Each structure stands twice: as structure tokens, then as C-alpha cells.
Ligand SMILES: Nc1ncnc2c1ncn2[C@@H]1O[C@H](COP(=O)(O)OP(=O)(O)OP(=O)(O)O)[C@@H](O)[C@H]1O
């Protein structure tokens, strides 16, 4: 079991992070300051998570005190810059407060996965590995053909220096795909700096990205490194690139063309070595026609495009994703028997998911908290109306018959055979006769009838036989 040391002086945050990690199965020790952490033999841990601002020595001091252990820095957005600086000092990653539970768990999992192969515990020798043994499927889930194609593309493109433009609706996993591109690249041990262009005020974006010299504008009391420089040697992920104002687009083009950066208020350029990954949910090509986005920048960015399909186009993954999110919630809440009712599964499969995977993740989180018993009914999923009644489950598509046999559950969080039986019958009884249903399930008609009685799903009078 990986051991994690938390260094945080705020009681509420320390205790929340400790509980979260303990629920996720980690062994956790904590300390309120660097001084106290040093007494806990910090280099014997697999990971140290520390606040940046602490009474006494700063959190970054842990990087020196535990040279063989990865250090994850927690910081508020206001001190994002210091977090970036701390990465230059050797921290492996940073996480901005307020962070949600999944973000923290994902950051921890990523760091530990980079440190040691999944099966064998870390020996310490692997620290600082290139991370190239990682596969996109370790970072994001997807079995459908469309997402498998994305994985193949990531495997091929990641090791190159090519600029990548990721296109997809909100919540489809663009940031995860960018992370995969970085972690599978030779730059994996260097920083991945993620910037959401829509989240930074327009007046600040240039100085945030490109840095500025002292006195460049009112309030620029000292010179500052920009986020692009901070990503030097690593990758820069520019999310919502379509929101970048015109002046910043011009500066970015220069970075892409000449690998040079000029801080706001400076006449001198500096060379930077950054792999650029951009993402958008907008149609950049159309934006070039209206003059909202520079055409030359568009072509520079669009060397390789990865399209993340919306969830409604990969319905075969809905239940798999739901199971993963449910297992995570069940672990977090200590309710290991939580499972979806067949009706809830049906609703998940029929819903249109305008908010994509993020919406599914949120629906499962909410339902796990609201469900009174172990079985989650459709009502607590709180998905009203927006279902796609045209949808035909994959199992009914001609040629997909191998998917119709009941599968063995592959983990405690997977469907039980009973669940699968219920789900299959409810989904198909309107289209199939009892004989067909029994055949597909590999049981006799008598046994189908008995199971229907036991599970309280008697044969509908209207269904043909
Ligand atoms: N294939 C996947 N497997 C597991 N989790 C996923 C997958 N795709 C997305 N998620 C989860 O869904 C949430 C949204 O993903 P992400 O932030 O990468 O989407 P996005 O496309 O960048 O969204 P936005 O455009 O709104 O920033 C995250 O919590 C992420 O972990």
C-alpha cells in the first residue's frame, strides 16, 4: 500500500485530504509544518503532498528534505506562479485549491503510476523514470472503437514533437487526453503546464502566458516569468484556445514559429523549448472566416487533430465509465455494496449526456450520496427528460451477438450476474420472444420464468412470445 505524507497547517484541509486518501486505500501520515514532517522520515514515503505556505519553512523545502520522494504542491490560484516556480525547483506537480476530490486522487494516481509499475511496489530506483511505460488506457477509460482510435493516435503522436489540437465538446476528456500526450512523451519528467484561456481575465492573459518586465504596465512592480517559460522543456496545454484575445494570438504564433518568447514590455526574446497542445470545443476554422481567430495560428496549431467523441456517440462506454465512477464513490463513501438498479442503467444508456463524461461523473457522485439503500434507483440520478429513444443498445446491433452472452463480473464493482440478467431482460423483452431471450442468456425457458419470479420482473402480458 503506497504511503503518503501530508504537510498542511490548516486542520480542515489536512483532515479532509487525509480521509480522502485513506478511503482510497493509501496509508497516510500527516504533519503541520516542514519541521514536524522532517521528524517523520519523509524520504521513506512514496509521495509527499504539501501546502506551499506553511508556518516556518515553505512547503518547497520538502523537495530538499526528501530528495528521492516526489512532492506534490497544493496552492491557491493566487499563488499559482509560486507553484510553477516550485516545479522548477523539483516538485513533480501542483494542484490549485480549491480542488475537488477526483482531481486530487487523479493527481496522486498519476504520480504514483509514474513512480512504479502498477504491479510491483516502488523500490525508489524508478523515481524520475520517463513515464513511457504508461498507456492512454491507464489515464482514461474507453472500450468503444471511436475512443480506441483516439488511444492509437495518442500512442503514435505522443513521442513526437508535433503540435496537437484536441477538439471536443465540454467534458469529453480533452484535458485527460492532453495529460496522456504529455505522460507518453519524452517530456514526461518535465512540467505539464495547463492553462484555461477562458478562465484568465483578458487583461491579464498576456502577462500570465508570456511574462512581463518590471514597469511594463501599472502594477508590474517586478519582472515575472510567464507560464510558457515555466513549461520550458515540458508541455503547455492551452485549453479553450478559441478564447485567446487577438494580441495574445499574435504572440503565441511567434512562439510556435520561432520557439521564441518576448515578455510584455521587453525588447529581447528568449528561446523556449515547449511542446504545444491546444484544445477547443469551438469550430476554429469557422472562427478564422469571421476573423475571430488568426488563420496562420490555426494552421500552426492544427498539425495533428484529435477529436474526442461526445458520450452520446460512444454509448457502449456509458456503463463502463459509470462502474468506474461508482467504484470510486463507493470507496470514498465506505459503501462498498452500492450498485445501480437495472432501471438506472437503462436511463444512463438512454440519456443524451449534453455535459458528456463530466456530467456522468457528477450524476454518479450525486446519486451515490443520495441513494438510501445499496441500490441506486433512477430517480436519484436526477436526469430529466433528455433521453434518446431512438437508441438501440449495442447488444441488438446485427453482428454484435458475442456481446449478448452474460459476462462474468470482473470485479466487485462490476455488474453481478443477477444485475446483468435483469438489465438484459428489461432492455430486450419488448423486442424478443421469451424463447429468444432464454437462448441469448443461455438458459432454459423454465429457468428464465423462475428467475423472473425471483427478481420481481414477471413477463409482461403485452410482450410477444
Ligand atoms: N475517458 C475517460 N475516462 C475517465 N474519466 C474521464 C474520461 N473522460 C473524461 N473523464 C472525466 O471527466 C471529467 C471531465 O474531463 P476533462 O476535464 O478532461 O474534459 P474537457 O473536455 O477538458 O472539459 P472542458 O472542455 O469542459 O474543460 C474529468 O473529471 C475527467 O477525469
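Yeah, the Cβs are placed from backbone N, Cα and C, and that goes for glycine too.
In TrEMBL, the region 'Disordered' annotation falls on 115-136 of the listed ranges 93-114, 115-136, 137-158, 159-180. Sequence-distant contacts of residue 51 (4-aspartylphosphate), defined by Cβ-Cβ distance under 8 angstroms and a gap of at least six in the same chain, are 7, 8, 9, 10, 13, 59, 73, 74, 75. In three-state terms derived from DSSP, residue 51 (4-aspartylphosphate) belongs to an extended strand segment. With DSSP classes pooled into helix, strand and coil, the tally for the domain 'Response regulatory' (3-112) is 50 helix, 26 strand, 34 coil.
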